[in-house]
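Peer 1: Got a structure for you, written out below as structure tokens; questions coming shortly.
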Amino acid sequence: MANNQAATTYGHGKGIGATVGIALLGMGTVGAEVFRLINENANDFEQRIGGPVAVRGIAVSDTSKERPGVPAELLTTDAHALINRDDVDVVVEVIGGIDYPRELVLAALRAGKSVVTANKALVAAHADELAAAANAAGVDLFFEAAVAAAIPVVGMLRRSLAGDKIQRISGIVNGTTNFILDAMETTGASYEDALAEATRLGYAEADPTADVEGHDAASKAAILASLGFYTRVTFDDVHCEGISKITAEDIEAADRAGYSIKLLAICERLTAADGTESVNARVHPTLVPKDHPLASVNKSYNAIFVEAEAAGSLMFYGNGAGGNPTASAVLGDLVGASRNKVHGGRAPEDNTYAHLPIASFGEVETRYHIDMEVADRTGVLAAISNVFAEFGVSLRTVRQEDRGETARLIVVTHAARESVLADIVEHLSGLDDVHAVNSVIRLDN
Ligand code: NDP
Ligand code: HSE
């Protein structure tokens, strides 16, 4: 029994010293570390919570797998039965996916159990439904681990910056793609080998398409934008481009021009000339100058910049993937939810009072690095420049590399709208002398 707690409770807490029952759903990369750390730190958790925690059961898909240190009697394939046990107070969901965990998390919330989840895909797709169920039952729904694993960015937005006005949240929020891009740039590793290594190290999602196509980062962007702008932003609202089309040649060209390519999530408050506000969230490969702090974020590390009216610029950096770092965030939430079960009360719900409209991607302004294969002939450069001029976009730099009959032309523009850029690319592709627009990579403003 915790001995440093006042002998008072409030709300409908179980009371100081009561045991908090945990149902652990999932025992993979994250779940195994959560279980290990609950056992290793049981005494500290008891002191911090006000009562002991006890894992009542662990739901997995295959109970016959080797799981050293895990008592076989805790394992079950019947997650619903485990959730519904009377002695379960908090459900930790670390299975992944959307439909099945949605069913489980809703069942848990409706049964009055608080939920801790690391599942960004679920939260970004169904936040309103889950929040409504948590509110109706008066229980907690926590998801710190869903964004940037160990970096406490959700708590920072929910609590620490709750008195400020956030203008922009941007950064690297996917460890797998950062690992791949870093390996391709620094060791010349192939995309395939780097992805295989990120998977082996436990960074990638069960289906790594979610990582490399930017979906995982888009879910995280949706969560960050919702919290930062007090507006519900879902996965479908986020413009999303991954890294699967980034070639070794793109990385080399960026390197020679003094840039690293990073997959950035960018969430922005946009203000129109008449003062009307909207929000935009997007994920895409981005050129970052080598001397920018984001360029030195390597391996599976994440880094997030927050620009707030009063606080100014803040940067958060740390482990963005992997069992242990993710377990840290899950356990922070578990301690919080368990404390509330013991002492009573619950954390305030996510507030989306601002209801800002979602700006389309076409309205976003940025700069572009456009890599083209063109005919090596007099007048080609003029024809290409004319296309940009027709659309009112000025060029910042133009670089040409001869390749015999053809030339590689790399153009960097000044800021232009995405919708205008799309028109320009269409026109360039229609020119006889432009053989291919190899890539368009954005430069962060
Ligand atoms: P894993 O694939 O390693 O583990 C998934 C676990 O879920 C396994 O134990 C598996 O059982 C179990 N499971 C799968 N299907 C079922 C089912 N139908 N019923 C019961 N159990 C089932 O995933 P991770 O641990 O990597 O990720 C879990 C969650 O955490 C995901 O939402 C992920 O996005 C998130 N996350 C992951 C991070 C990471 O770095 N890995 C970081 C941050 C968040 P079995 O063991 O029998 O196969
Ligand atoms: N697959 C995710 C990543 C795990 O690589 O960032 C952490 O959310």
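Glycine is no exception: its Cβ is also placed from the backbone N, Cα and C atoms.
Residues annotated as active site, proton donor in TrEMBL: Lys220. Residues or ranges marked as NADP(+) binding site by TrEMBL: Leu25, Gly26, Met27, Gly28, Thr29, Val30, Gly31, Ala32. TrEMBL lists Lys120 with the feature NADPH binding site. Summarising the annotation, TrEMBL assigns L-homoserine binding site to Glu205. Here TrEMBL flags 369-442 as domain 'ACT'.
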Peer 1: Going by Cα-Cα distance, which of the recorded positions (Lys120, Glu205, Lys220) sits nearest to Thr29 (NADP(+) binding site)?
Peer 2: Glu205
Peer 1: Which secondary structure state does DSSP assign to Leu25 (NADP(+) binding site), in the simple three-class scheme?
Peer 2: strand
Peer 1: Can you tell which of the recorded positions (Lys120, Lys220) has the fewest other C-beta atoms within 10 angstroms of its C-beta?
Peer 2: Lys120
Peer 1: I'm trying to understand the geometry here, so how far is the Cα atom of the residue listed as 'active site, proton donor' from the Cα atom of Lys120 (NADPH binding site), in Å to the nearest whole number?
Peer 2: 6
Peer 1: What number of additional C-beta atoms lies within 10 angstroms of the C-beta atom of Met27 (NADP(+) binding site)?
Peer 2: 24
Peer 1: Suppose the NADP(+) site is Leu25, Gly26, Met27, Gly28, Thr29, Val30, Gly31, Ala32. Which further residues of the same chain have a Cβ inside 8 angstroms of that site's Cβ centroid?
Peer 2: Leu24, Glu33, Val34, Phe35, Val60, Val94, Ile95
Peer 1: If you count, for each of the binding-site residues Gly26, Gly28, Gly31, the other Cβ atoms lying within 10 Å of its Cβ, which residue has the minimum?
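Peer 2: Counting other Cβ atoms within 10 Å of each of the binding-site residues Gly26, Gly28, Gly31 gives the minimum at Gly28.
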Peer 1: Using a 10 angstroms cut-off on Cβ to Cβ distances, just flag whichever of Val30, Ala32 is the loneliest among these binding-site residues.
Peer 2: Ala32
Peer 1: Taking ligand 1 as the reference, state which of the recorded positions Gly26, Val30, Ala32, Lys220 have a Cβ closer than 6 Å to one of its atoms.
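Peer 2: Only Gly26, Val30 meet the Cβ criterion.
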